[in-house]
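What Swiss-Prot says about this one:
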type: ACT_SITE; residues: S64; note: active site, phosphoserine intermediate
type: BINDING; residues: D14, S64, D444, H445; note: Mn(2+) 2 binding site
type: BINDING; residues: H125, R155, D156, R187, R193, R263, A264, D265, R266, K336; note: substrate binding site
type: BINDING; residues: D403, H407, H463; note: Mn(2+) 1 binding site
Amino acid sequence: MSVSKKPMVLVILDGYGYREEQQDNAILNAKTPVMDALWAKRPHTLIDASGLEVGLPDRQMGNSEVGHVNLGAGRIVYQDLTRLDVEIKERTFFANPVLTNAVDQAKNAGKAVHIMGLLSAGGVHSHEDHIMAMVELAAERGAEKIYLHAFLDGRDTPPRSAEASLKKFEDKFAAQGKGRVASIVGRYYAMDRDNRWDRVEKAYDLMTLAQGEFQADTAVAGLQAAYARDENDEFVKATVIRAEGQADAAMEDGDTLIFMNFRADRAREITRAFVNADFDGFARKKVVNLNFVMLTEYAADIKTTVAYPPASLANTFGEWMAKNDKTQLRISETEKYAHVTFFFNGGVEEPFAGEERILINSPKVATYDLQPEMSSAELTEKLVAAIESGKYDTIICNYPNGDMVGHTGVMEAAIKAVEALDNCIDQVTKAVESVGGQLLITADHGNAEQMRDPATGQAHTAHTNLPVPLIYVGEKNVKAVEGGKLSDIAPTMLSLMGMEIPQEMTGKPLFIVE
């Protein structure tokens, strides 16, 4: 009979940041006796989850992808956002062979260059400065037909903030004398990640057929009409932008399409609709043979050109566990499953030897304020069973509630989400203690602790750049170290497990055994 393992458990409370002011703070306004007691009685510290400490530009808010890559890597990983900023600043972006070839191919054949992406200064999935650089690259290389298909944000940015961005691009096209905004649509449609293909189809038809529910002469006019219909940026319905006498911007065989999002999870579905010959998410009314370029690799099985292929990370936490013959479990709901697997493993899709995965379906609701507890009860049940099973050396779990409900901007719902989590943490803590295991509770970035923007008074639906908690529960007598960051978590776990830390991990343990 094999000896029961005492697991090292990492619970990531997504979007659960630390802020001392109670005003508009869903976490401090919720009843959280369990987390309050843990914070009061257990070793704890605050860690950085944003900006330079996670490889993002200074003061840039953290996000789930970046957070999990840093958590699993045990070193600061410079993100695509920072990498692209540097490339554009140093002008190497304008010589990227994949991008220049794609533009030249269309130009030489008299075809159009279509550029699509999330038009946002949020910096989570994309950055409008990168899209602007792509517009400049296309114009500089002599492309005549340049069409921008703008996905609108309102989630990583204030709910109604797209007008300034659209105006900037309309001014740019006017100044350079070629190109235009061809369509606008909310990210709710274009950037789904939960197989809601009816949404994706609307965005796909808008771009391929130049057909939408609405039409406007200019992008700004189209946006203002959406606001008049009470649609915030995220939910703007498919709108064709075409003034009297302007050519149709429908996509044709031989056109180039460059997708300027750098984050993978919400880029995959629409990319597959364009690229996969055997795509079956919906019946495509028009299949276009495009020269399709992904800015970064959205998935290894999407067979199309990549402008910036991934840099590989050696000896992430998951790989190091496998090399040391340890068993590990990754568990979350649909919304954050990719984060505890693909992102935590440094962009590796395949599970490592000894790595098991459990996926709990997120509830099928339009927005999560309608079900703030999400699937946390089922997730907790499965997590507790895994802790008690004695099968795993380590377990990584993500609870999405703080982030997914925080994104809705609905304070009452976010409070309910936090209260549901407190009950879950109670069960998890008891299970870990009953088997003599160890538990770290932390977050990947903030969100629910700031539900209203103090400057604008609008709902605050974006992440924050505030620190996140880190709490230790276990039998070891440990002392917390100040000044930590997300990339210190993997070394902390290895140290608590009594394991060697690989040299590639430059993070430091945040709990020292006394």
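Placement of Cβ uses the backbone N, Cα and C atoms for every residue, glycine included.
Features as recorded by Swiss-Prot, highlighted on the structure.
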{"residue": "D14", "record": "Mn(2+) 2 binding site", "Cβ contacts under 8 Å, 6 or more apart": "S64, K336, H339, N398, Y399, P400, N401, G402, D403, M404, A443, D444, H445, N447"}
{"residue": "H125", "record": "substrate binding site", "Cβ contacts under 8 Å, 6 or more apart": "L118, D156, R187, M191, N261, F262, R263, R266, A267"}
{"residue": "R193", "record": "substrate binding site", "Cβ contacts under 8 Å, 6 or more apart": "D265, R266, R268, E269, E335"}
{"residue": "A264", "record": "substrate binding site", "Cβ contacts under 8 Å, 6 or more apart": "E65, T296, E297, Y298, A299, A338, F342"}
{"residue": "H407", "record": "Mn(2+) 1 binding site", "Cβ contacts under 8 Å, 6 or more apart": "G15, R155, Y368, N447, T461, A462"}
{"residue": "H463", "record": "Mn(2+) 1 binding site", "Cβ contacts under 8 Å, 6 or more apart": "G15, S50, M61, G62, N63, V124, D156, D403, H445, G446, N447"}
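In this structure, R266 is the one among the binding-site residues R266, H445 with the smallest number of other Cβ atoms inside 10 Å of its Cβ. It is D156, among the binding-site residues D156, D403, D444, whose Cβ has the fewest other Cβ atoms within 10 Å in the structure shown. Excluding D14, S64, D444, H445, which define the Mn(2+) 2 site, the same chain contributes I12, G15, A49, G62, N63, G67, H68, K336, H339, N398, D403, A443, N447, H463 within 8 Å (Cβ to the Cβ centroid), listed in sequence order. Report note: the Mn(2+) 1 site is defined by D403, H407, H463, and the residues of the same chain whose CB lies within 8 Å of the CB centroid of those residues, excluding them, are D14, G15, N63, S64, R155, G402, M404, G406, H445, N447, A448, T461, A462. Cβ neighbour count for S64 (active site, phosphoserine intermediate) (all protein chains, 10 Å cutoff from its Cβ): 28.
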